[in-house]
Amino acid sequence: MFVARSIAADHKDLIHDVSFDFHGRRMATCSSDQSVKVWDKSENGDWHCTASWKTHSGSVWRVTWAHPEFGQVLASCSFDRTAAVWEEIVGESNDKLRGQSHWVKRTTLVDSRTSVTDVKFAPKHMGLMLATCSADGVVRIYEAPDVMNLSQWSLQHEISCKLSCSCISWNPSSSRAHSPMIAVGSDDSSPNIMGKVQIYEYNENTRKYAKAETLMSVSDPVHDIAFAPNLGRSFHILAVATKDVRIFTMKPLRKELSSSGGVTKFEIHTVAQFDNHNSQVWRVSWNITGTVLASSGDDGTVRLWKANYMDNWKCIGVLKGDGNPVGNSCQGIFGSSVGSAIQSLQNSVNGTSSSGRKHS
């Protein structure tokens, strides 16, 4: 059975994001109190705050970990129109600091003229790259050419999405058959604007990102978006958090069917749509194999979704903050599968937790 542990976060305002590192033993939180906190898991399973610092001059919307191959590196983004990259260093300068760690700001990315709403490191096979999106509808992709010098970042790409951007997700596939791809969600509140999820793909010929697809069926504001880890699948799975939970499959069409030399075209299907939260859904997060999806909503629950052998998606668990499963609101199974799902979520490849908006 899933065990819930309450953590006294000591944030002074709303907590907007919770992010696990690659191994699931470190956690970062960010808040409207303009701070980021880093938590480490002890041997007995307790979480201890090991660092807390003021990061921005506005609400901090998102925080995310780089792959540990690049060291202990965080990125944050804020209403103050900036994103920042932070690195943990172990003090060696004098006896007092030796062995103690602290976080140092390596760079501030100041290209946005409006609130920076999401920040995500690219999959590690692409090198140390970072994507941001902002309320003015621009996605920016930066690269650190020297991974030993995180103070130098170059702006590689600017993508104009024409809609206010709220969230981004890299396609984690490392297959050479798949070009780098990024999904962008919009929280534009106008019901007349369709297609609030856009997919951009990198074109080797033009060396630019071009729009590959628009999910026209998504017309409500999008709060979160997440590609599933791709373990040998020939197609992609994308989860979208809006007023409900939606799961899409994207199957690449054969090259002769898509324009030669252009972007890949996809056959897109909505394979699941769940309104069980009966409220806005704020976060979606996959486990490490891309087989279990967690969602969290304003109903105060985390719901777990999994496909059966017929590829029908079902709810397999509903969790509340007190650790108790919620009775009959989910037809599925509880017990070991839920526990293992939560464990795999903590070891999620993209390090993102499924926690939605939380109060401190």
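Note that Cβ sites are derived from N, Cα and C of the backbone, with glycine treated the same way.
As written in Swiss-Prot, here are the features:
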type   : residues : note
REPEAT : 10-49    : repeat 'WD 1'
REPEAT : 55-96    : repeat 'WD 2'
REPEAT : 111-152  : repeat 'WD 3'
REPEAT : 160-210  : repeat 'WD 4'
REPEAT : 217-258  : repeat 'WD 5'
REPEAT : 276-315  : repeat 'WD 6'
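For the repeat 'WD 4' (160-210), residue counts in helix, strand and coil come to 0 helix, 23 strand, 28 coil, using DSSP. Helix first, then strand, then coil: DSSP counts for the repeat 'WD 5' (217-258) stand at 0 helix, 18 strand, 24 coil. Outside the repeat 'WD 5' (217-258) by six or more residues, the chain places 166-173, 175, 178, 181, 183-189, 191, 193-197, 199, 264-277, 279-286, 288-290, 293, 295, 303, 305, 313, 349-350, 352 with a CB less than 8 A from a CB of the stretch. Along the repeat 'WD 5' (217-258), the predicted structure has mean pLDDT 90. Across the range of the repeat 'WD 3' (111-152), the DSSP-based residue counts are 3 helix, 18 strand, 21 coil.
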